[in-house]
Amino acid sequence: MFLVALSFAYFAKALSGSYMKSTITQLERRFDIPSYLIGVIDGSFEMGNLLVIAFVSYFGARLHRPKIIAIGCVLMAVGTFIIALPHFLIGRYKFETSIRSSVNSTNNLSPCPARLLSPVALASGDVLPEVQSAGCVQTIAVIGPVFGYLLGSLCAKIYVDIGFVSMESITITPGDARWVGAWWLGYLIAGVITLLSAIPFWFLPRSLPIPAEQSLAQCSPEQASFIKDSPHLEHKYQADEPASFLEMAKDFIPTLKTLLGNPVYFIYLCVTIIQLNSLIGMVTYKPKYIEQHYGQSASKANFLMGTINIPAVALGIFFGGLLMKRLKLDIMGAAKFAIGTSLIGYFLSLFFFAMSCENAKVAGITIPYNRVNGVSGCNSQCVCSESDWDPVCGENGITYVSPCLAGCQASTGSGKNTVFFNCSCVATAGLSSGNLTASAGHCTQRQDCDRVFSYFLALSVITSFIISLGGTPGYMVLIRCIKPQLKSLALGFHTLTTRTLAGIPAPIYFGAIIDTTCLKWGLKKCGGKGACWLYNTTAYRHLSTTSNSHTPNSPLANTKELSKDTRNKIVDLHQPGKTVSAIGKQLGVKKSTVGAIIRKWKTYKTTDNLPQSGAPRKISPCGVKMITRTVSKNPRTTRRDLVNDLQRAGTKVTKATISNTLRRQRLKSCSARRVPLLKPVHVQARLRFAREY
C-alpha cells in the first residue's frame, strides 16, 4: 500500500513539474516576458525545496514519514493552485491584429492607415531510499511527465480565455506565434491530482509491521530499519524512540562531514551536477526549440515530447535496471556502464548540429527588404508601427511583419479567412503578375524541413534511450557507496545540491542565451521589451550569441563601437602597467583595438573621437575595408551591388562615391568597352564588298 501511495505521489509531482515546462511559450506570450525570466519562474519550483529538503531528509528518518509526505503533497497542491491564480485576477488576453473578427462588419479596413487618416490623427488616436523498488518508483516518476506533456498538449489547443470570449471572434490559430492556450486549466487539474495523492498517507502507520510468513532474518538492513523490534536496528534510529531535537541538530554537521568525506559519493555528486545542467536546460526548452526551429505548434511539440521522448527515457531507465540485474554488475561495473552510456549518448547528440532548417523568410528581418528604420519604398506612404507583430504571408512565399509593412491597400473577408490585396511590397519582391495578395498568418513552408524533423525525432529518441540506460546503475552506485544510516541524508543532500546548482541556474542561463538569438522583440503595453516573436533558428541551434540586426545577410553592416566607459576602462587598466594582451583578454576586446585606444590616449590625452577637418566621409573606415575585401574576393562586383549593400546597412551613397573610394584604395572601377561607331571610310568599304559579291 505504501509503495502504491508513494508511486502516485511521484506521479503527481512529476506531472506538475513537466506541465510547468510545457507551458513555457504560453506564459511568455501571455505575460510578455523573455525566456530568461521564464527560467527564473521554472527555477523557483526548486527554490522552495532548499529551505527544508536537507532537514526533512535528516529528521524525517526519525519522525512520522507518511504524514510528512502528506503535508508536502498538500503544500504542493496549494502552490499549484496559486500558479493558476493570475489568470482570474488579470483581464482578458488581447493581441494586435488588423483582421476583422466579424463577417457582418461592413467596414472594409485598409491595412495602410495613411491612405485614410493623416499621421496627426493617428497619433492622437525527490527519490526515497527504497533500493528494491527502484524499477517501480523511478519508472512511475518518469511516466508522470508523459501525462504532464499530454495535458500541456491538450490545454495548448484550447484558447486561453475559453468560456469568457466568443471563439468566432478569435482570428488566430494554434500555430500562430500570438496564440496562448489555456495554461491555467492544466495547473488546476495538476493541483487536484496532487491533493488526492496526499490522502492515503494520512492513514498509513508510522512503521511497517513484519509479515507473519517472513522472518526478520530474511530482511535486509534497509528493510529491517523500518520494521518494529528488528534485530538490525543498529543500522537505523528507532522510529518509536527518537532522540531529542537538540541532540539531532548537534549531530547534523558531523554527519554531513562524514558523508562528504566519502570520495565515491563526492565524485558522483559533481558528475551529476554537470550532467543535470545540460539535461535540464535541454528538456526545459526542447518544446520551444521544436516550435521555433521546425515550425510546429505548441500543442504538437508537447504531444511529441509526451508520446515519443519521455517514454524513451522511461524504457531506458527500466531496461538499465534489468540489464544490471541480468549482468549482475557490482559497483564498479555499474559505474562503468553509466559512464559508457553517457559518452555514447553525448556523442550522438553532436549530430543534432547537422539537422537544421533554414530561417523563416521574413521581409526586413531574415531577408533583405531594402528598408531603413522599418520602412521601404513599397510601404513608405503608410504609417506603420514597428512594434506590432501581425504577420501575413504574401503569395510570393515571404512573410511580412504586418499587412501595413507589406504595403497592402485593402482586405476582403473576415477572421482567419481574411485576404489582403494590392500589396505593393509583394510586387517589389519579384512577383510582377497576379493579384499581389497576402493571407493572414506567417508562411509555413520550408524546404526539406519536414524530412529533417523526422530525423531529429528519431535521433532524439535514440539518444534519450541510451543516456537513460545509465540512470538506474548510476543511482545504485549512489546507494551502495554509503552506509545504511546515512542514506536518507545522502539522498536528501544529493537532491539539494543538484537542484541548487543545476535545477535553478540551468533554465535561467539557457533562457538568457536563447534570448540573444531573438530577431524580433515584442513591446509591452506599458513600455519595455516583451516576448520574442521570431528567433534566428541557426543561432538558436548552436545556442550562441548573435547580433540582433535587422540586416543579418548584409556583409557591410556596421560593427559595434566600443562605449566610452570601455575605452576609459582600458586606459585605467593600462596605467598600472597591465599589458595590452592582458587587457584584451579581460575585457574581450581585440588586442589591436586596445593598442589603438592606448596610443590615442598617449597622444591626445583623451579617448573620445576627435573632429576631423573637412566634410565627414560618407563611408566609415570599416565600410571601406569591407568594400575592399568584397571587391578583392569578387572582382566582377558592380558599383550598383555595393550601393545596394551599403543602403541595406543604413548608408546611402552614389556610384560616384564608390568609384572615388575604390580609386583611393588603388582599385580601378572599370566599365565595359562599347563597340565604336564605323567611320565613313569603313562604311564605303563594306558597301563595295557587298556590291561585288
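A Cβ is built for glycine as well, from the same backbone N, Cα and C atoms used for every other residue.
It should be emphasised that the depicted structure is a prediction, and the values quoted were computed from it without experimental measurement.
Among the features that TrEMBL reports, domain 'Kazal-like' is placed at 372-427. The transmembrane segment annotation in TrEMBL covers 33-56, 68-90, 184-204, 265-283, 303-323, 335-355, 452-478.
Sorting the domain 'Kazal-like' (372-427) by DSSP state (H, G, I as helix; E, B as strand; all else coil) yields 7 helix, 14 strand, 35 coil. Scored on C-beta pairs under 8 angstroms, the neighbour of the transmembrane segment (303-323) with the top count among 68-90, 265-283, 335-355, 452-478 is 452-478.
Long-range neighbours of the transmembrane segment (68-90) within the same chain, counting only residues 6 or more positions beyond its ends whose Cβ lies under 8 Å from a Cβ of the stretch, are 6, 9, 12-13, 16, 20, 31, 48, 56, 60, 160, 183-185, 187-188, 190-192, 194-195, 197-199, 201-202.
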